[in-house]
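Some features that TrEMBL has for this protein:
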type    : residues                                                 : note
BINDING : GLN37, TYR38, ARG39, ASN40, LYS41, ASN69, SER108, LYS138 : 4-amino-2-methyl-5-(diphosphooxymethyl)pyrimidine binding site
BINDING : ASP70, ASP89                                             : Mg(2+) binding site
DOMAIN  : 8-187                                                    : domain 'Thiamine phosphate synthase/TenI'
Amino acid sequence: MNRHPRGLYAITPDLADTARLLSCVEPVLAAGACWLQYRNKHADAGLREQQALELLSLCRRHGVPLLVNDDWRLAARIGADGAHLGEDDGGLPAARRALGPDAWLGASCYDSIELASKAVADGASYVAFGAFFPSPTKPGARRATAPLLSEASALGVPVVAIGGISPDNGRPLVEAGADLLAVISGVFDAPDPRAAVRAFATCFDSPHPGESRE
């Protein structure tokens, strides 16, 4: 597994219709999404497991890691590539033990480098900051600023930016230090999700901080 990912981190919309969910996700994977996170805040446990298993199969076909939002137990049960935990989900050390040393384990750190440092100490293998811009998914989310991304690069793990990100505003976040841009509506609500994925790829045309064009 690539331990230095760079690109679009697609997060699924909340859809109860599994067939529709898969039909939405497949073109996004085919167009070049780097990671996929399964997120469904409204489904019951049975539907979430069914959808996660279907998505895992789809991700395997495309060679894309699947992470599960919030529920590391579900991630461990289905053999997903990792999980992402919010501040209130708790259990990073327990999640790391259950998922094993090689799984991706992410933590939402909002606007706090202190939270990020603690998350890495507790077993996180990447940290996520945001929202950087107003987001329809979480309109009241805490706001983060781009310098935080540069500061977080010293933690030695991939850095994710999230929150209202579009192809038009994503490049400065990458230039500031984001390895991955996490997006829901910017991809899945786009008129052409494939084209949206390709547009996000242009945010990564510039070298990462510390890299040079050779």
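Backbone N, Cα and C atoms are what each Cβ position is placed from, and that goes for glycine too.
Residues GLN37, TYR38, ARG39, ASN40, LYS41, ASN69, SER108, LYS138, recorded as binding 4-amino-2-methyl-5-(diphosphooxymethyl)pyrimidine, reach a greatest CA to CA spacing of 17 Å. Across all of the domain 'Thiamine phosphate synthase/TenI' (8-187), the predicted model scores a mean pLDDT of 96. Of all the binding-site residues given, namely GLN37, ASN40, SER108, the one with the smallest number of surrounding CB atoms inside 10 A is ASN40. Each of the binding-site residues ARG39, LYS41, LYS138 was scored by the number of other CB atoms within 10 Å of its CB, and the largest score is that of ARG39. Under the three-state DSSP scheme, SER108 (4-amino-2-methyl-5-(diphosphooxymethyl)pyrimidine binding site) falls in the strand class.
DSSP assigns LYS41 (4-amino-2-methyl-5-(diphosphooxymethyl)pyrimidine binding site) to coil, not to a helix or a strand. For TYR38 (4-amino-2-methyl-5-(diphosphooxymethyl)pyrimidine binding site), applying a Cβ distance below 8 Å and a minimum sequence separation of six or more within one chain yields THR12, ARG48, GLN51, ALA52, LEU55, LEU66, LEU67, VAL68, ASN69, ALA80. Note on the binding-site residues ASN69, ASP70: the fewest other CB atoms within 10 A surround the CB of ASP70. It is 8 Å from the Cα atom of ARG39 (4-amino-2-methyl-5-(diphosphooxymethyl)pyrimidine binding site) to that of ASP70 (Mg(2+) binding site). For SER108 (4-amino-2-methyl-5-(diphosphooxymethyl)pyrimidine binding site) paired with ASP70 (Mg(2+) binding site), the C-alpha to C-alpha distance reads 10 Å.
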